[in-house]
Amino acid sequence: MAETAASSSKTFAEKQAERMARLKQLHTQRNEARASNHQEVIAEHERKKLPANWEARTRQAEWLMGDLKARTEAEEKGLDYNRVKMLNVSAAEADRIDKLKAKKRNADPGFSDYEAQTARQYSRLVKAMPARDLVKYEEQKEKYGDAFYGGPNVILQGLHKDTPAAIDNMVKDLEGQIAKRKKFSRRRTHNDDADIDYINEKNARFNKKLERFYGEHTAEIKQNLERGTAI
């Protein structure tokens, strides 16, 4: 009741002054919003002029600067930076980094040439070999003498006998290679007994498509044409 009485007791000039003050405040806020929007438009226009990977390059540069600063501080304190850095890395992040490094080391670019394929197979076979038995190595070296290293005038046949375990490993590897080859698709062989109803390979593929889609609907017509009883 008191506030209503106080508001009603205001003169027209006081009410007009309050309205003008509010209007001026809204006008100021509108101008500030307009200026802010204009600045955002200019900033967005400038960002569009930058390269597509600018943000990624900026983050990388900031990371490199921070890494260099942290490395320098660790060296000044006499600490191993790599060890200090790993203390702040979680186990999941470390596992992810190790997997990425392993993937880069063992990246398979696919078939490029036979020389590269042979090198990859050689690396795979070397990694599959068991660890070297140094005791057995020294025994064989003493047993074979100069023939251990081979040479142009050394006959190696009969000096070494493969163990049953080595033979089993070789057989297992060959069976694995054969099973892997069977998974690859092969070119379909030509059937000499099939009817020749095409003039080239492209026409043969087209005829197969027709047979696949319309063969069941045209089987009777085809039989009548072959018997000579078509109307």
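Here the Cβ of each residue, glycine as well, is placed from N, Cα and C on the backbone.
If you look up TrEMBL, you'll see 1-11 marked as compositional bias 'Polar residues'. If you look up TrEMBL, you'll see 1-48 marked as region 'Disordered'. The compositional bias 'Basic and acidic residues' annotation in TrEMBL covers 12-21, 29-48.
For the compositional bias 'Basic and acidic residues' (12-21), the number of residues in each DSSP class (helix H, G, I; strand E, B; coil) is 10 helix, 0 strand, 0 coil. Taking DSSP states H, G and I as helix and E and B as strand, the region 'Disordered' (1-48) has 44 helix, 0 strand, 4 coil.
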